[in-house]
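Heads up: the structure comes next, in structure tokens.
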């Protein structure tokens, strides 16, 4: 005989298991052994705590504390496993965050709520935003995306006086802070959600948000301060990274369905085949019905706050994509320190996620009263999947692990054993490559993550036939000098002790062969050749003081992550222990 308690426990785990199931369906190819090498996504067997990994290199600190964490974690686990594990964690955490948000708003455990949770899960992980960011290689941004519903849950629990809310808020902010963009997304979401709680609680929440965010942001704001990098951009950058209209949709329609990424090549094929129109219509239906039900049946403060945020997140990038919008926005990103962080406007659509989750759940509960509690979530989930079928299997098979040629292991081992200081220049020119052993698309050069030396990279991006200049002036000088066929002494003066050539990779080499002929060949393989400069290069590495300060900031972020996580789970562990004592 099934008791009510047993049934409740079974229902309690239905949606979480479904979230795991969907996440595995999306990411299943990545579970095979190997490494990510797809556009901006690069994983390697081992990475290292270089100046660049700390944000003290020649380019803006956009990948901190991410790179530092991966460098530490890959000392214990293979780097490919670490990155794949983080991506899987991001999708499962996002799905469970959606469930937690639904349970926080609709506290009564009922059958219809399980269906509402399932729809919220589907809407959260099976959407164009997740698919397009995976295709672009922005896997770490999905950690910030996953944290957003948890931030709202923590704020609502603060208003309810639930123990452990501050730990949940702190760990959510710290997880989002894996990248600078993720932190900004979580901070904005937390501030807006705080508008829905009482004034006394609101200021406690805002105070904690500000304090934790300052600590979590310290790795990149401190690195930017020490290097003097303003992190600004140009009108050309704004135009290149503006949200884009997809097939059959205007920019606004694309953004409503959570699509519209700037790179047309990082879009699922079905979005270009017209299914994007159906997706927009279906999601619009969910938003209209769900929004109306939220207005009628729940406390309005939270839906209003999150609805306003969602409207800004969708309409804002659409406005920026217009001519006047681009010009105004270009002035902002060119003058405000860190403004370059804002130029990829599609990524801010993630701010709409918490409201979409609530609308999905509310629409399900309403539809249950019309077609039944089993049919309603089934119809909604199936339709969300049908309009984006190629989210499955690594977004249509595009994402799959690769194996690096054995020459890279030799090069990496050489640097690990060498005590010689100095930096590395690379050939061919540029940061992105077409690899025969890759996934068939252009990918970021993995050299900086494969070796324990800093690699000169200008940060220049080639988008739609235009070159978006990066911040790496010194790297740009090194590249030009090498392509001009300079003497070894000239490279040494610029800090170049080694040159790594990838001869099987197409690209610009200029007159670099004249320089290579004057260098010593250390390792010569089909895919990678390492040259040593006979001259002693100028040491341009960051000072010990700067490295120590930034490492301390990274440790502070990690402590916030661990302390927040422990504080979040502590009340639950105490309840579990108390329950066992009663049973005994």
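The first residue you see is number 1, and the count goes up from there.
A Cβ is built for glycine as well, from the same backbone N, Cα and C atoms used for every other residue.
As annotated in TrEMBL, transmembrane segment covers the listed stretch 139-159 rather than the other ranges in 118-138, 139-159, 244-264. In TrEMBL, the transmembrane segment annotation falls on 302-320 of the listed ranges 302-320, 321-339, 416-434. Note on TrEMBL: of 57-79, 80-102, 448-470, the range annotated with the feature transmembrane segment is 80-102. Counted over residue pairs separated by six or more positions, the transmembrane segment (348-367) shares fewer than 3 Cβ pairs under 8 angstroms with the transmembrane segment (205-223), which leaves the two as not touching.
Just going by CB pairs under 8 A, the stretch in 12-31, 80-102, 165-198, 273-295 that sits most against the transmembrane segment (205-223) is 165-198. Segment contact is absent for the transmembrane segment (379-399) and the transmembrane segment (80-102), given fewer than three CB pairs below 8 angstroms at sequence separation of 6 or more. When Cβ distances are compared across the two stretches, the transmembrane segment (302-320) makes contact with the transmembrane segment (273-295), since 3 or more pairs at least 6 residues apart fall below 8 angstroms. Ranked by Cβ pairs under 8 Å to the transmembrane segment (80-102), the stretches 12-31, 139-159, 165-198, 273-295, 549-570 are led by 139-159.
In summary, the transmembrane segment (549-570) does not lie against the transmembrane segment (12-31): fewer than three C-beta pairs, each 6 or more positions apart in sequence, are under 8 Å. With a cut-off of 8 Å between Cβ atoms, the residues of this chain six or more beyond the transmembrane segment (273-295) that come close are 123, 128, 246-249, 253-254, 256-259, 303, 307, 356, 358-363, 365-367, 380, 383-384, 387-389. Here the transmembrane segment (139-159) has Cβ contacts under 8 Å with residues 36, 41, 63, 66, 83, 86-87, 89-91, 93-94, 97-98, 100-101, 104-105, 124, 129-130, 133, 165-166, 168-169, 172-173, 175-179, 181-183, 185-186, 189-190, 193-194, 196-198, 201, 204-205, 302, 306, 347, 350-351, 353-354, 357 of the same chain, all six or more residues outside its ends.
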